[in-house]
Amino acid sequence: SVGFKAGVKEYKLTYYTPEYETKDTDILAAFRVSPQPGVPPEEAGAAVAAESSTGTWTTVWTDGLTSLDRYKGRCYHIDPVPGEEDQYICYVAYPLDLFEEGSVTNMFTSIVGNVFGFKALRALRLEDLRIPPAYVKTFQGPPHGIQVERDKLNKYGRPLLGCTIKPKLGLSAKNYGRAVYECLRGGLDFTKDDENVNSQPFMRWRDRFLFCAEAIYKSQAETGEIKGHYLNATAGNXEEMIKRAVFARELGVPIVMHDYLTGGFTANTSLASYCRDNGLLLHIHRAMHAVIDRQKNHGIHFRVLAKALRMSGGDHIHSGTVVGKLEGERNITLGFVDLLRDDYIEKDRSRGIFFTQDWVSLPGVLPVASGGIHVWHMRALVEIFGDDSVLQFGGGTLGHPWGNAPGAVANRVSLEACVQARNEGRDLAREGNEIVREACKWSPELAAACEVWKEIKFEFKEVDTLD
């Protein structure tokens, strides 16, 4: 007779191991599992562990040719989610040998590849990952990181200011460059290509790069400050993307940009590597993230996508505002902002952090607050995000009644006033509006901005909430 018993067997017999002690080298995952009616949580959790590691739906004779005990994922703990019927957090440990070194692509293919279409589950969400130091060390991470960026730009002790050029589509390269110049001349540190701006018929990429470089050099000469424009190198194939980054380097500009989810992790890691070797900073936009992270019970939480970006490489990444028009509940947002910036982050479920994460000196990423923010939000942004952040006002700069440069002036004055007040020990949460009003006396540009945006609010209930 054959040396194994054929047929379908329950996953939990092999893959549910509550007695397992996790290793320091394991990758740990926290999944929010919603089983189909009648499927016990142990079976559902074990199924997730199996299908995202060594398992298949039946016993196969080739199982005997390897050591399942060495390579299988294990569901080692299950917690019911409070307030939800039949929903569980299942913790899974994966042996490090299952993953290719330095490949975010392979890590995701394994952990979230097949299992999300699994019939025994109604829904599945990856809430958090613990990346062990042994695996972190196989990644180069951000091209430069927060400290090196500050040194390159010679800007310290305050958040950096940006602005997305609008209208995002339709401007000619010359007019686009003019808008860039006005914003930088007015006092911003950076301007930004919109994520949709690649190389369209109305503005080919090379023309845009040239006019933006001219704007950067002119504004630098006039202000004595280092300026940058995020030139979007995202393209239809990776060779073209690198070609655009090479051209940016030849122009001598400080920073390029990439849409890391639509472009893909493989392309992103290649670009990050090029940027490191050639002294370019890399700004990352998260277009498409909400498709993946918006549903509470299915998909991947953004904190996982943020960790993945830090491994793949990027110096800035968009991370919500807490205020403004885009999603972000304060504690949760600050949780993944710290995961981006800090070297060591303690487990803290009140901030949505399921595991203690040690980045072992991988460079940090600057979070970018962008989307529906204006001068009245400045006090909150400075208080929430602190100095290591980029605050991006698109409409909040270009929508100024007097034009782009005065819009930039208003934002810079508002920022400097808030930072100075904070440094003097004043309470931004309580006195913030007063601080901005005082600054209006010295800046007619700020006064005009405060008047325009005094009534605007985006009031909707948060979607991304804690249990």
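Cβ coordinates come from backbone N, Cα and C, glycine included.
Summarising the annotation, Swiss-Prot assigns active site, proton acceptor to LYS166, HIS285. What Swiss-Prot lists as substrate binding site is ASN114, THR164, LYS168, ARG286, HIS318, SER370. The Mg(2+) binding site feature in Swiss-Prot is assigned to LYS192, ASP194, GLU195; the stated evidence is sequence analysis. The N6,N6,N6-trimethyllysine annotation in Swiss-Prot covers LYS5 and is backed by sequence analysis. The N6-carboxylysine feature in Swiss-Prot is assigned to LYS192. Taken from Swiss-Prot, the feature site 'Transition state stabilizer' applies to LYS325, supported by sequence analysis.
Shown here: features listed in Swiss-Prot, placed on the structure.
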residue	record	Cβ neighbours (10 Å)
ASN114	substrate binding site	11
THR164	substrate binding site	24
LYS168	substrate binding site	14
LYS192	Mg(2+) binding site	30
ASP194	Mg(2+) binding site	18
GLU195	Mg(2+) binding site	22
HIS285	active site, proton acceptor	28
ARG286	substrate binding site	23
HIS318	substrate binding site	23
SER370	substrate binding site	25
Are there any residues in the same chain, six or more apart in sequence, whose C-beta is under 8 angstroms from the C-beta of LYS166 (active site, proton acceptor), and if so which?
ASP194, GLY394, GLY395, LEU398
Given ASN114 (substrate binding site) and LYS192 (Mg(2+) binding site), what distance in Å do their CA atoms have, once rounded to a whole number?
36
Tell me, in order along the sequence, which binding-site residues from THR164, ARG286, HIS318, SER370 have their CA within 10 Å of LYS192 (Mg(2+) binding site).
THR164
Would you list the other residues of this chain near Mg(2+) - those whose C-beta lies within 8 angstroms of the C-beta centroid of LYS192, ASP194, GLU195 - in sequence order?
THR164, ILE165, LYS168, ASP193, ASN196, VAL197, TYR230, ASN232, MET257, HIS285
